[in-house]
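As written in TrEMBL, here are the features:
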- 2-375: domain 'Amino acid transporter transmembrane' (DOMAIN)
- 20-43: transmembrane segment (TRANSMEM)
- 76-95: transmembrane segment (TRANSMEM)
- 115-132: transmembrane segment (TRANSMEM)
- 144-166: transmembrane segment (TRANSMEM)
- 178-198: transmembrane segment (TRANSMEM)
- 210-233: transmembrane segment (TRANSMEM)
- 253-281: transmembrane segment (TRANSMEM)
- 293-312: transmembrane segment (TRANSMEM)
- 318-339: transmembrane segment (TRANSMEM)
- 359-379: transmembrane segment (TRANSMEM)
Amino acid sequence: LQGIFVLGLPYALLHSGYSGLLLIVLAAALCCYTGKILIACLYEENEDGQLIRVRDTYEDIANACCKKRSPSLGGVVVNVTQVVELIMTCILYLVASGNLLSHSFPYVPVTEKTWSVIAFVTLLPCIFIRTLKIVSKLSQLCSLVHFVIIFVVITYCLTQMHQWSWAKFRLSLEFEDFLVSVGVIIFSYTSQIFLPALEGNMKNPGEFRCMLNWTHFFACILKTTFALTAFLTWGEKTKEVITDNLPSFLETLVNLCLLTKALLSYPLPFFAATEIVYSCVSKDTHSNYRSPLLALTVRGSFLLLTLLMAMFTPHFALLMGLSGSVTGAAMTFLLPSFFHLKLKWKKLSFLDKCADISVFILGFLCSLAGIVCSIKGLLEVFG
């Protein structure tokens, strides 16, 4: 629920002012809500009125919604969207790793792309990841590193309390800058792609809703505290990645922690993407897709693909913004609300229907705005 996007939250406050604080809370509530309705789509009531899990994946939900017209079309669309977003996320971690290494060791005569290759070498063991348990342990370490980063930044900011001033908040907003802030805040919470698998692997799935409430609540508190203290410390001088504002001795330490976090974050989207491909291969060939040779081939191909795109794709950040505006908004807002309306329409109250429709419209507007801004940025770059 945290992610590298959190480091951009103070910068988002710079461009959104007081409304940014409200957006952090609203985004937590909306993402928590769409997570719940997505999981609700996995269940149906039996004859006794008990909820039974009849679907396992995001793909199954999509196929259930499209079964009358095309039984597999919805699943194909969802799988392609998921794989694109997951691959782009993996590439982003590689690009970030190269950037962090080059900033941490500026006197080493090595290019940023070469640093990305060095980071890639450390990720080669991902080929041998076969279960979610290994990924969960790595993600746990990632969370610990993340808390270290947040602790260091907040501690430094608290030592600068004497220069804090609420006058630093902006009252007038530029529309495009505000849209950038909305994107950063919303996508710092997204986790819907992983929720069906997470809920299915819980020892007590009945605690899922409670878990989602508490995790989003604490994430909201942490993000609000982090963004507010950092922005009050640097004000108009707040940079896109807040660690660039730190003194040099702290910046190097935090950059190395961020590098560790990026490398530990890579296995989760990588594992999720390969699992989706495995499922598709299994259905298409009706063969034992878990064969060791095929597993190594698929994982190795994914690893190589992320490296090549990180090395040779120009203006990757803008392309990431474009794809993220489409896939991120779709997986987080559009599809969960649409699927919930489609599968549960007869059982939803009027207020539930209004909530789902409102989330769908909001997701559409966020996606459209992000696409327009990203395309505008690409056009400016290419002249």
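Backbone N, Cα and C atoms are what each Cβ position is placed from, and that goes for glycine too.
Counted over residue pairs separated by six or more positions, the transmembrane segment (76-95) shares at least 3 Cβ pairs under 8 angstroms with the transmembrane segment (253-281), which defines the two as touching. The recorded stretches the transmembrane segment (178-198) and the transmembrane segment (20-43) share 3+ CB pairs below 8 A when only pairs 6 or more apart in sequence are counted, and are therefore in contact.
Long-range neighbours of the transmembrane segment (210-233) within the same chain, counting only residues 6 or more positions beyond its ends whose Cβ lies under 8 Å from a Cβ of the stretch, are 1-2, 6, 9-10, 12-14, 20-21, 24-25, 28-29, 31-32, 35-36, 150, 153-154, 156-158, 160, 163-166, 168-169, 188-189, 202, 242, 245. Counting Cβ pairs under 8 Å to the transmembrane segment (359-379), the top-ranked stretch among 20-43, 115-132, 144-166, 293-312 is 20-43.
Residues 94-95, 97-99, 101-102, 197, 201, 259, 262-263, 266-267, 270-271, 295-296, 299-300, 303, 306-307, 310-311 of the same chain lie 6+ residues outside the transmembrane segment (115-132) yet bring a C-beta within less than 8 angstroms of a C-beta in it.
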